[in-house]
Structures are given as structure tokens and as C-alpha cells.
Amino acid sequence: MNRIRIHVLPTNRGRITPVPRSQEPLSCAFTHRPCSQPRLEGQEFCIKHILEDKDAPFKQCSYISTKNGKRCPNAAPKPEKKDGVSFCAEHVRRNALALHAQMKKTNPGPMGETLLCQLSSYAKTELGSQTPESSRSEASRILDEDSWSDGEQEPITVDQTWRGDPDSEADSIDSDQEDPLKHAGVYTAEEVALIMREKLIRLQSLYIDQFKRLQHLLKEKKRRYLHNRKVEHEALGSSLLTGPEGLLAKERENLKRLKCLRRYRQRYGVEALLHRQLKERRMLATDGAAQQAHTTRSSQRCLAFVDDVRCSNQSLPMTRHCLTHICQDTNQVLFKCCQGSEEVPCNKPVPVSLSEDPCCPLHFQLPPQMYKPEQVLSVPDDLEAGPMDLYLSAAELQPTESLPLEFSDDLDVVGDGMQCPPSPLLFDPSLTLEDHLVKEIAEDPVDILGQMQMAGDGCRSQGSRNSEKGSAPLSQSGLATANGKPEPTSIS
């Protein structure tokens, strides 16, 4: 028996039919760098790199630029002839636009005869007596009578049209006042010289403007160079730029030459002064800068005149006079003239801020003495009646004994060779009286001793009674006792 095999094909029921994907065009096979442009049909490169394939039906565009003389690098299809000219798509488009513009220019506009023929159909005919042929002949006759020449006119192109000055209409108002021989073409010698002078002045101003422009460009490039050098200096460090250890031998030599060239271009001494004067004269000669320089110079000089000669001193800030002639300015309030003396007047200006009545240093009045010494007090009467035995003799006043340290500030030390001034803390003006009393006692010791001998025993009783009264002035006097011996107190 023959066996029948039945193959059951799987069904697509319940399955999603996949959408066929459109085949993406392959990218260019340029090897030097990845190119994402699609390939040309049947080729391995895009239109930009198709010249890499020597077998491709393309060659370089035949267009050559008139500015720099370079040939277009784009690809163009090979012509049928071997030496034929072929252009790329861009230059084909440009040639088509240029040809279209040229055809527009060469194609003349509608002629006058054609326009009249087109308008003749709108003309009114009298009772239909005129025919189109008669109207055509009438239009031709009018054109023939009004034509400029008997011959046939050629179409007028753009190059044949009159090119006038666009500002001629604006200048037509003043045309009556102008010279009627302005366009005659014949000039006198004076007119030629005047015209040439105006042209030279104009040319000079143009050259000056160009020079200023070049100066501006130089300053701008120098500023950029200094800025870049500063950034590089901050990034790399000073040792790599100026230090000899961070430079090569050739770089050191170049740096040395640059420094020598910089010193060579500098001017010194008289040459520098002459160069500055030359720059000032050039500034005065230029238009615009002359007025500014003149204004700056005149504002810096004093306006006063001495013997019909202007003062050459520099004026003070915000004023027009120098320090010597500032009082001539009636509006200023900062200076006054010195009053001087009755014999010799003085007009030297002095600032008001120093005093209400300012004076120059020659006539300045010194202020009164602020320090006044104190007056010596008179000797009171109750001290004269004191006991005589309380005073010291001349022998006792001799400095035979060493004084304590509290009196050392008031004495002269012979051994040290220097003098110590009295201490201001020990100064007491009330002790001047006691100082005079001690001096009087030291100068006249004999009288004191005589009075003591003449006094009897009876006087001693009286002196003992008065001793209690004299205790008070004794405490104020310049005498003190220490260890039973009288010692003088500190006297300043």
C-alpha cells in the first residue's frame, strides 16, 4: 500500500505579522574618518568622497575661481567627451541662474508700437467706418512722425541708459547761484591750485584716519597679547617664561635679542625730548586734536599777565590762576593776601584755613607766652618773731654728713660727672619761702649768735613759752630732725 504523507502547515492565527523593515542605506566607506552620508547608487562612497574611487564615473569639477585661482574640489559626472567640461551640482545651478538673468537683460521690453497696437482695439470707431488696418496705419504714422530718427531704432539696454548723480535733484534748488562755468572743463591757474589743495587736504585727512585706525589695531593686538601672556604666565609660572633655567639655548638667545631690541628702540636724553616735541607738533597739526591740545595747554597755564607777558606757571586745580596770582580771582574764597606791616605792605597769598587773619611766614605774629612763672610770696610777720635757737648756724649748714636717698635727686654728683635735674614730683611752690629764710640765716650767722648771747636766762623762759607757738611754723619750715640732729628737707 502506498502511504500518503500529509504535511500540516502552521497557521498565522493569533500571531502578529511583522512589518517589513525598510532597508537602510549603507553609509559611506571612507577610510580616513567615519562618514555618515549615504552611498550613491551602485557605489561605495557618497557624493563628497566619490573621487576616492578611481573607477567611478565622476571627476573633479571644472570650475576655477577668479579670485584665488583654485579649482572646485566637488565631484562632477564625467562628460561623454574625454576633454569635455563638467560642473558639479552647485555650479550647474549657479550657471543656470546667471544664464536666466542674462536672458532677462537681453530681452527688450515691450516696444511702443506693440503697445499702441494692443491699445488700438479700445479706440472708438465712427460708425464702424474704420477698419483694423486703418487703425494700424494711423498708429504707425504717429510713431513715424514722433520718432527721433528716420532709421529703425535698436532696443535700449541697461548699459546704454544715462547714469546721473542721485543727488542732482537735491542740488537743483541752488543751481541758480552756482558758477555757470562749473562744468566748462576749462580752469584758470588759481582754480587748479585751489582744487589740488582741496584734494591734498582730503587725502591727508584720509591718511591720518588710516594711521589712527592702524594705531588702534596695534593697541588692540598688544592688549590681547599682554592678556594672553598674563594668562600663560599664571598657568605655567614665571620660571618658564623669564627664568633662564626653564628655557632652551635657542629660546635664551631669542629672549636676549628681544631685550636688546627693546633697549635699542627706547630714546634717552635729548633724543627723547625732541621726540616728545615732535609728537606734540603732530598732534597740533592734525584736525580735531589741535583744538583739544590747545584747550589742554591753555587750561594748564595761569591767566595772569606780568608786564604784558603771560605767566608761565601752572594753574592750581579747578582754577585758572597759579599760587602767586590766585588772589586775582574774585570768585575764590580759599586764599587771602597777607596784610604785612605798615612800613612794608605784603601781597603774598596765604590760605584762609590757617587762621582768621592769615599772614605769610615773614609777617607772622607769634602768640603770647602761655607759661607764666609764679610770683614769690612775701614773708609773713609771725615767722620773724620765732625763737632764735631753732635756726642753724653756718657750721651746721655745711654738707659734712651724707644725706639720705630721698634728697639725692636734688644734689650734683661730682664722681659721676653728670647732673640730675630735680624731680618734678618733689616740686612744691610753698617751699620757696623756707628756701629764702635758710639762705638769710646762712649768710648772716654772726648776728644770730650775738642775739643769742645778749638774751638772758629770762628770755629763755619766754622762748620756752613761744616754743609751743613756733611748733606749727616749724612743721611747715624746711627743717626736720632725725636721730636728734637737724637735717634740711628737700628744696626744689
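Backbone N, Cα and C atoms are what each Cβ position is placed from, and that goes for glycine too.
The shown structure was predicted, so the numbers you read here are calculated from the model rather than taken from an experiment.
Per Swiss-Prot, the features are:
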type	residues	note
COMPBIAS	135-144	compositional bias 'Basic and acidic residues'
COMPBIAS	167-178	compositional bias 'Acidic residues'
CROSSLNK	LYS78	SUMO2 cross-link
MOD_RES	THR131	phosphothreonine
MOD_RES	SER147	phosphoserine
MOD_RES	SER149	phosphoserine
MOD_RES	SER168	phosphoserine
MOD_RES	SER172	phosphoserine
MOD_RES	SER175	phosphoserine
REGION	127-182	region 'Disordered'
REGION	308-364	region 'Required for interaction with other NSL complex members'
REGION	455-492	region 'Disordered'
Item to check | Secondary structure composition of the region 'Required for interaction with other NSL complex members' (308-364) [DSSP: H/G/I, E/B, coil] | outcome: 6 helix, 9 strand, 42 coil
Checklist entry - Taking every residue in the region 'Required for interaction with other NSL complex members' (308-364), what is their average pLDDT? => result 85
Checklist outcome for this item: Excluding its own, the Cβ atoms lying within 10 Å of the Cβ of LYS78 (SUMO2 cross-link) add up to 13
